[in-house]
Amino acid sequence: MRRRCGAGAGAGAGGGRTEGGYARAVADARRAGARSEVLAAEAVSYLNRAMAELRDIWDEIGISEEQCLERAGTVQMHIQNLLDMMVAEEKDLKERLLKSIALCRNELDTLCKELQLDPFEAEEESTILQMEKNLRARVEVMLKQKRDRKQELKTLQEQDQGLCSILCTAPFSIDSNAVPSLEDLGRYRRHLASLTTEKEKRRKEFVSRKQQIILLMQELDHTPDTSFEQEVVCEDEDAFCLSEDNIAALQHLLQQLEARRSLNEAVCAELRSRILTLWERLQIPAEEREASAVHMAGSRAKTIKALQLEVDQLEKMKLQNMKSVVQAIRTELAVYWDKCFYTQQQREGFSAYYDEDYTETLLELHDAEVQKMKNYYEAHKDLFGAVQKWEENWKLFLELERKGTDPGRFANRGGNLLKEEKQRVKLQKTLSKLQEELQSRVQAWEQEQEGPFLVKGQQFMEYVMEQWQLYHLEKEKEKQERHLKKSRQIEAEMMYGSTPRTPIKRRVLGPHSPSKMRKLNGNSISSATPNSTVRSAFRGAIYHSPVSKLPPSGGKVGPARTPCRAAARPPRPGHRERNKENVLQLNGTTPSGGCTPRAPAQRNQSINSVASTYSEFAREFSKASRSESGSHVLNSTTTTAFC
């Protein structure tokens, strides 16, 4: 039979024997019993020998038989008393061991309850001495656990008290008189760890905000006047209570100081803006502005006073220079009108702009109007910026279109025509994209503001469509003018001959023989057939004869003539008349009496006089090339080649 006195301790003491161990114990007991019997036999044998030896001694001495019996009884009494005393002592030892076992069991039961452990199990088969030893050792172990837990609890409570005094929180709820369990100690340790983390967090927050508060107080020239402010700024950091209320009060104090600084900054910004405006309106020289530059930064109280003093002085100067100030404000107002795309009618709505009576009331009206326009522009700055971007791209597009109508652009080198064409295509795409984006943004703005978004007095999309209509009308007008000019030019060429189009470089001519000179002077020019063309040796251009009818021969090609040095002889009268006709043609003047040009004559027109853009130039050039490939010999033309 076993007594349950502690499961953990019983497991440590052996927790029950196995069958093999029990057999060994029985064998050991048997061997011990046999040895005890041997020892008892030896003791009896020794007693018998001792009594025999005593009997011999007594006989030799001559002690009588009665005295020998008496002496033997005394020996027996001594031996019996000794054995009785030894037995009594051993019985007393047994009783003490049994009492100790009972006490240990009771104490173990109490300790198991205090330490919240399972009951201890002791082995009943073990001897009394071994059981007492095991129970006493277990009691000592459990007493040490109890002392350790109590000591740890005391240490944790001391830490808890320190943290609670700093954080102003309630201590951890635990019975100080009872022995804490391992779970209780674990929860306590975790609680203290969280308090330590919170303390470090609040400490960092306190130190950071304290530094900000000190800097703000210095910037605001503020002296701590309340007990809390003095505690924050002047007291030791370790002495400050890091309670939630104090942290919240610290944050509130910081927000108050930041609000005061923001207010001071706003006041300073307003004063500085006012100063800059007055400087520009009064046209204060840079030397005088440098004197106040030291106050153009910071927001301290003394800075505000200095800025206010500067504003007051400038206001006095403004009253003394009312006209120039009003004119400066009008210039600023015109800038905002331009930025907001105001029409002349909208500008005339502010009648004070045209008032010449420069009074303080007029100045106030202008100030109010400028502020209104400024607020309006700032509220819709992004939208106005996008419209301005569209305007800039539109002007650039119109500039490229204007360049495209310049005939002299074909003389440029470096691929400028191709670059302009690419830029024009890119601008068209950009304008289309900007127009779509602005349309959606303007619609959103109009829905939000519940009113139209006006650009120069019109809704934006109406304004854009009007610009495109004006552009197309201008293009159509230019096209009609080109057609009219081309018709007049063709008519003049049919009547008086062609005008030099593209000058070509003359080849350097060598000396001519006298026969060639005589031939050229004699009949070279006069031998051309009627209604034929002659390539001039002076300019390399083709001139049409004024005769409109073709000869019966169908336009034979005359003999090639060798040009000579024209500077060696004066011009003939016939040539002088021909040159007059060419000069008239170059000046765009068409003499009266010319015949109407026929349709085939249009194919002989110069590409330079037709094309206005790079694309038109390429198209006309391709058309002219196909026309020339179809017919190598033009009607009624004679070409004089160079030598």
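Glycine is treated like the rest: Cβ placed from N, Cα and C.
TrEMBL lists region 'Disordered' at one of the ranges 182-202, 392-412, 476-496, 623-643, namely 623-643. In TrEMBL, the feature coiled coil is placed on 417-448, out of the ranges 65-96, 417-448. In the predicted structure, the coiled coil (417-448) carries a mean pLDDT of 77.
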